[in-house]
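A.B. asks: Here's the feature list from TrEMBL:
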- Gln110, Lys126, Glu147, Ala230, Ala231, Leu232, Leu233, Glu304, Asp319: ATP binding site (BINDING)
- Glu147, Asp319: Mn(2+) binding site (BINDING)
- 194-402: domain 'FAM20 C-terminal' (DOMAIN)
- Asp299: active site (ACT_SITE)
Amino acid sequence: SKLVALFEHPLYNIPIPEVTERDKLFVVNPMEKFSLHSSGSDEWVSSSKAETLLPTGKTAYDTYPTWLKFHVGINRYELYPRRDPLLPTLLHDLATQRIVSSVQKSGGTQLKLIMTFPNYGQALFKPMKQTRDQETPIDFFYFSDFERHNAEIAAFHLDRILDFRRIPPVSGRLVNITKEIRDITTDKKLAKTFFISPAGNVCFYGECSYYCSTEHALCGKPDQLEGSMAALLPDKTLAKRRSWRSPWRRSYHKSKKAEWELNPNYCTQVRETPPYDKGHRLLDLIDMTILDFLMGNMDRHHYETFEKFGNDTFLLHLDNGRGFGTHSRDELSILAPLQQCCSIKKSTYLRLQLLATQPYRLSDLLREALATDPLAPILAEPHLQALDRRLGKVLVVVGHCLA
């Protein structure tokens, strides 16, 4: 396994700083039992002290469902650890656990569902919109592109191979539209949009600002539909998140350009603006830029952080569905922050160099990681080949900066 060898490499064993109580998202007494409350969110509260010690003699933590252990493990430095023993179980749960509720997620431009499991765990479901071998039409603007379920799955594994670990775990899943969405939804607006197509397939389209109409309905075969299931982060009432507008956000206008596209010295003013004027925020943003360039994602207008950790923490790389849309073109403008600032973390640069060598070739590693997903193959071969080509281009940009 090339992946096992990669994670054994010294560059993947650089220790994170010691995690103190202050650095944990949740401070939990492992001896204290938690009871889960279904309130539409994954709320969990400490139960009375009477239940503190369990009759089994184990700690209460052992009885937590996997999604809760994932939440409890989040800290200032990482969303999940490199050698996370929970990861295989959490991915398996996302792919197999019984779905007890499906409702449409509010906000966003395209249809997404929130699915709940019997243990109150929740996942964000993005349905299949296009086949593996379709490319985004060249005349499409980035802001009207489809969100792809397989891009969400591939982005999670790529983020892990780059050792960022800033995307919540994602698994593919084949969902039964009739039994796992239509028959159990309590969402009246969603329920009104189901129909049987002329071909006898079960379809629905939901309510949203893009692609929610009978012409763009999601149809099963006859009711089986592929999608991505992403583990939800802790409810915002429990762990507030702050949303930051990216300084290199695109204009989202058909003819206007953003300031960074017109001003080659744009990075100078970013460096003088908090929170980019100190700490590692700018370098973290450049990490995210490299991830986006490798998968061809032009749609990174915002990013989020956990409010508890202030400015000294990692960025969450959420919403990656517009990646992996094209393999035949490389969008160099995505690399603007790297090109304009000429800054990169040394550890990131060394890992990128490693991933360009034969024993650790990036395409081979991602192909191996994706082979374990229930919906494999996740990416068409040309997308994997494009990764190696794009990685070469990132290293050329860094080379120009060094020169």
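Placed from the backbone N, Cα and C atoms, the Cβ positions cover glycine too.
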A.B. asks: Of Glu147, Asp299, Asp319, the recorded positions given in the record, which has the fewest other CB atoms within 10 A of its CB?
C.D. replies: Asp299
A.B. asks: Under a criterion of Cβ-Cβ distance under 8 Å and sequence separation of at least 6, what residues of the same chain contact Leu233 (ATP binding site)?
C.D. replies: His71, Pro168, Ala239, Arg241, Leu316
A.B. asks: Using C-alpha atoms only, work out the spacing between Asp319 (ATP binding site) and the residue listed as 'active site' and round it to an integer in Å.
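C.D. replies: Rounded to the nearest whole number, the Cα-Cα distance is 9 Å.
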A.B. asks: Test of understanding: give the count of other CB atoms lying within 10 angstroms of the CB of Gln110 (ATP binding site).
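C.D. replies: Neighbour count, Cβ to Cβ under the 10 Å cut-off: 19.
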A.B. asks: Along the domain 'FAM20 C-terminal' (194-402), what average pLDDT does this model show?
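C.D. replies: A mean pLDDT of 96 is what the predicted model shows over the domain 'FAM20 C-terminal' (194-402).
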A.B. asks: What whole-number Å value do you get for the CA-CA distance of Ala231 (ATP binding site) and Asp299 (active site)?
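C.D. replies: Rounded to the nearest whole number, the Cα-Cα distance is 21 Å.
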